[in-house]
Amino acid sequence: MFEPASTPPRAAPRPPRRGREGEAFDLLLLGASTGGPDALAALLGAAGVLPVPCVVAQHMPAALGPDFARHLAARTGQRVLLGTHGARLSPGEVLLLPGGTDGHLACTSGGGLALRLAAGAGLVHPSVDRLFRSAALAARRPLAVVMSGMGQDGAAGIEPLLARGGLVLVQEAASCVVSGMPAAAPPIMPSAAPRG
């Protein structure tokens, strides 16, 4: 469903990608830090209409969240909303986790997914690991992308996603501003080694 960030936008959306067991992915997760804003804009701009909900964990301070959500919407044409506690996820919407907090996903009584926000714990927020681990428990078939960023956030959340039958992709090192986060994935998931 997604091509490298340098690919131009498509005119028409593709159907959802199906996993190993043939079940369609029901959730897109994007985790990024340094270099993430441009990488996110390129990926979401090229994606066309998203057939599933998307949740973005971009490391940032709380004050930048509203402006970044507007900026990302303007650059991509996507419906980008700043996440709020209890927000329900909807196909075609990009939910940006607010800076300074951590977000996790929970099942709703109607079978959907909702966002839960908590004070950030640890060094970077929102935590990609916390988002990935919660999605492994709440989503049926998540698709996650570890993008440009310093450090290893996201690496610990990969294993639970894979165990759940999800798919994890990493941004190619050559296209990252800082490739620490994608490079941290290979020891856990050898097939995800960045190329370049």
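Glycine is treated like the rest: Cβ placed from N, Cα and C.
Keep in mind that what you see is a predicted model, and the values were worked out from it rather than measured.
Here TrEMBL flags S33, H59, D153 as active site. TrEMBL lists 1-14 with the feature compositional bias 'Pro residues'. The domain 'CheB-type methylesterase' feature in TrEMBL is assigned to 21-185. What TrEMBL records for 1-20 is region 'Disordered'.
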Using a 10 Å radius on the Cβ of D153 (active site), the other Cβ atoms enclosed count 28
When you measure from the Cβ of H59 (active site), which residues in the chain that are at least 6 apart have a Cβ under 8 Å away? A32, S33, T34, G36, G99, V124, H125, P126, G149, D153
Just how many other Cβ atoms lie inside 10 Å of the Cβ on S33 (active site)? 24
Average pLDDT across the domain 'CheB-type methylesterase' (21-185)? 95
